[in-house]
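Here is what TrEMBL records for this protein:
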COMPBIAS  73-83  compositional bias 'Basic and acidic residues'
COMPBIAS  100-109  compositional bias 'Gly residues'
DOMAIN    198-395  domain 'Cdc23'
REGION    57-203  region 'Disordered'
REPEAT    456-489  repeat 'TPR'
REPEAT    490-523  repeat 'TPR'
Amino acid sequence: MQKSGVNYLILKNKTKQNNNSENRERRMTLRYAIPHLQKVEGHFEPLHLPGLWKASASAGTSQQRARLRPQQRAREPPGRRPLEPPGGAARHSAARPQGGARGRGGAGRGAAPPGAAQSDAEASASRLGLGARLPEPVQWPSGACGAEARGGRGAAIGGDARRRDGGGGAVRRRLLGPAGDQEAAAERGRAQPRARPAAQRQVEDARDLDAYTLAKSYFDLKEYDRAAYFLRGCKSQKAYFLYMYSRYLSGEKKKDDETVDSLGPLEKGQVKNEALRELRVELSKKHKARELDGFGLYLYGVVLRKLDLVKEAIDVFVEAAHVLPLHWGAWLELCNLITDKEMLKFLSLPDTWMKEFFLAHIYTELQLIEEALQKYQSLIDAGFSKSTYIISQIAVAYHNIRDIDKALSIFNELRKQDPYRIENMDTFSNLLYVRSMKPELSYLAHNLCEIDKYRVETCCVIGNYYSLRSQHEKAALYFQRALKLNPRYLGAWTLMGHEYMEMKNTSAAIQAYRHAIEVNKRDYRAWYGLGQTYEILKMPFYCLYYYRRAHQLRPNDSRMLVALGECYEKLNQLVEAKKCYWRAYAVGDVEKMALVKLAKLHEQLNESEQAAQCYIKYIQDIYSCGEIVEHLEVSTAFRYLAQYYFKCKLWDEASACAQKCCAFNDTREEGKALLRQILQLRNQGETSSTEIAAPFFLPASLSANSTPTRRVSPLNLSSVTP
């Protein structure tokens, strides 16, 4: 009995030793299967240990591994020593190639055969019931940037680089061709923000998840200070961006609250976002340390733009486009800072398919419509033929060049494809307004009101509807409602300025136009509206400045040139005025008034032959367009020509023009009197002069006698406007 008791104790001790040995082996297996995590204060944090068991496959020999152990031991928590792999160093070194096996022919320099490095761990895992293969430990990049670091990061997180590309490889090959892949490969070698290990980002996201979710709910409720408060101390990229963005929007909200009303006497720069300077200091530190992701760079660029640091903002937005090409907001902010095509050439943009969308958009904004349409056509050919965004942008491009019929047809087709679309419908309403299509505009306003009556575009469409009905007070009210929804909506500011002009409220119109210029300095309508306002106030030097700015934005728009000519004429600079009027006719006179104004200017200078030349060309253009009734200046042209021919004793031409004068109420009596004088002179035996020839051919519809006469060459004026 005593012997059996002793045997029982011996058996119990052996069992306990076996259990301790098995538990120790289990701990060692798990320790080396997951070497990149250590437990600190109740949670796991990543370790940057390039000399761990998995990474030692690149070392090759036990002596090299021994040199790695002090570095590993230094990173161990106090009171612990690094554990040996299961089976000792002999078994571990046997799984590695010796000597020259580290050279060529492997998977890389110093690479072990696949699976050799983890054979012991797999054996232990199979005994412990953990599966046939353990997850492979990750070797982190040691803070390096460039192609190698980014490649390692993409592999670690399961193809993050492919997700960042957005699956656009096929589209890029269609748009850029074979050379585009080479350029994209070279682009990946650029310096990028320091890559964080995937596991570290996952741990940070998991740690900040509760705070981020709570703050996001407050952010959605526009309680920005409250959202920022609960994100203090968060380390993840998402939480940090939301923290900084909440602070920025809080400052913007306070700035808007200080602005009492939208049309107050507050000038630009008087009310500022007080948080901008603090945000710039904090974000600049992160930027220098290369710790900002694509969204952080976007916010940093917005802060710089708000502080009028344009050059720095452009550089940051370009960097944001490199880091996160699919973030369209960064592209749009960059678009707002580019003023001309030359500036665009010096930008180092990433070679992605998003670049083509950006170029098409910026060409439209810079009024380079032909280049924009070519870009959109290439995108359609690349596979975006059903994109309603591209279709709408093509319609906007035709609207900008005043091809109203083409733009209307495209918008009508877009409405059939996407009947509940609200974007760009304010531009569609502008086209309907220009064509005075009241039923169509009324239907559009009611339809959008049923879809969403609290959208900015809906308010602008309703405002255009009331403006077409000459109810300008109601129209201005709806434009103000649109600005309450979005104070930075450009179209509402400009249209409200037009309504105040109709109501003869010049001070309010000037303020509205100035707000529009603050939102977008490339809006030629706001510059042109300011010129018109100061022209009403009889301030020609002011309106000359604003008309020049509008002309710089729209160099081929005849309306800007005619307005410039009128300003020069009021300032008694007649040579410049003649240049502007002739240039307006050369680029395509939209309003058919450039030749009339040029002819009247020649009348003032007693240049009768040039004036007659301009009038006859004006009449020919009007008859060819079939717009005789709409132009009251036709009667003025016929009256001057009748008198000119009468002085030149060209009775046939004078009689034809006098008969045309009888068709208009304001010149009927003068035409009849001139016909009586011509008849009286003919009865007295006066004959037509053969020494003075008419300076042009009369249209066949104006003269019964097609008398062969000479043509005078066009005016000897430079086509370069001042």
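Heads up, the Cβ atoms here are built off N, Cα and C, so glycines get one too.
The repeat 'TPR' (490-523): residue composition by secondary structure is 27 helix, 0 strand, 7 coil, according to DSSP. Under DSSP, residues within the repeat 'TPR' (456-489) fall into helix, strand and coil as 27 helix, 0 strand, 7 coil. Confidence for the repeat 'TPR' (456-489), expressed as mean pLDDT, is 94.
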